[in-house]
Amino acid sequence: MNLPDTLLPCQRPRERLLRLGAPLLNDAELLALCLRTGRHGCNALELAQRLLTRHGGLRGIFALSAQELCTEPGLGVAKACSLLVAPELSRRSIEETLLGRQAMKHPEEVRRYCLTALAHQPVEHCIALYLDQQLQLLACGELERGTLGRASVFPREVVREALRLHAGAIILAHNHPSGNPQPSAADCAFTQQLSQALALVDIRLVDHIIVARDQALSMAERGLI
């Protein structure tokens, strides 16, 4: 990992990972393990710390596009690819855990999935979790990028995909890049519009979760559905 000789073996991220486990490593150490190597005059741990400082933490780094990562000093294509796949692997792992399980019996896992999928996004994204009649997860999918509900065709697309999957219910989720989890008037209006469109084909909108950084707000729990 191009770490300096002054760093004792027991202090190196790889050795600490094997000895202590990932939860006890700090962000810079975990990021250094993803990067594997540093650059000239800068070891992997130092490069990781510089990235965290420059972008305000992991969320800022994972919000970068492929092009932005590739142009970061000291990264290049290989390191950029390692960083691009990390949050996606986490999201897919949680999705596999949820598949076939009753979503409403595992609300914390649903929130964790939504946070993993959306918290790092720099612009609004919307995803849907399609459930069967027993509220078991059938599939997850991305629906929209940009301001929620801007396109009038959007509710029809949700209904069409739900029918294709033979879904009986849906959980919707989108993010607020501003960091404010409170639903806007537009969020509430769109939620009602989608709920009514789904009801026409006997599909229930179970919840609409708003993700804002490390928060996940349930509109159903607020009585807004």
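We number each residue from 1, going along the chain as drawn.
Using the three backbone atoms N, Cα and C, a Cβ is placed for every residue, glycine included.
Among the features that Swiss-Prot reports, domain 'MPN' is placed at 103-225, with the record citing sequence analysis. Assigned with DSSP, the residues of the domain 'MPN' (103-225) fall into helix, strand and coil as follows: 41 helix, 37 strand, 45 coil.
What Swiss-Prot lists as Zn(2+) binding site is HIS174, HIS176, ASP187. Summarising the environment of HIS176 (Zn(2+) binding site), the number of other Cβ atoms within 10 Å of its Cβ, over all protein chains shown, is 21.
Mean pLDDT for the motif 'JAMM motif' (174-187) in this predicted model: 92. What Swiss-Prot lists as motif 'JAMM motif' is 174-187, and the listing cites sequence analysis.
Counting every protein chain shown, 25 other Cβ atoms lie within 10 Å of the Cβ of HIS174 (Zn(2+) binding site).
Its own atom aside, the Cβ of ASP187 (Zn(2+) binding site) has 19 Cβ atoms within 10 angstroms in the protein chains shown.
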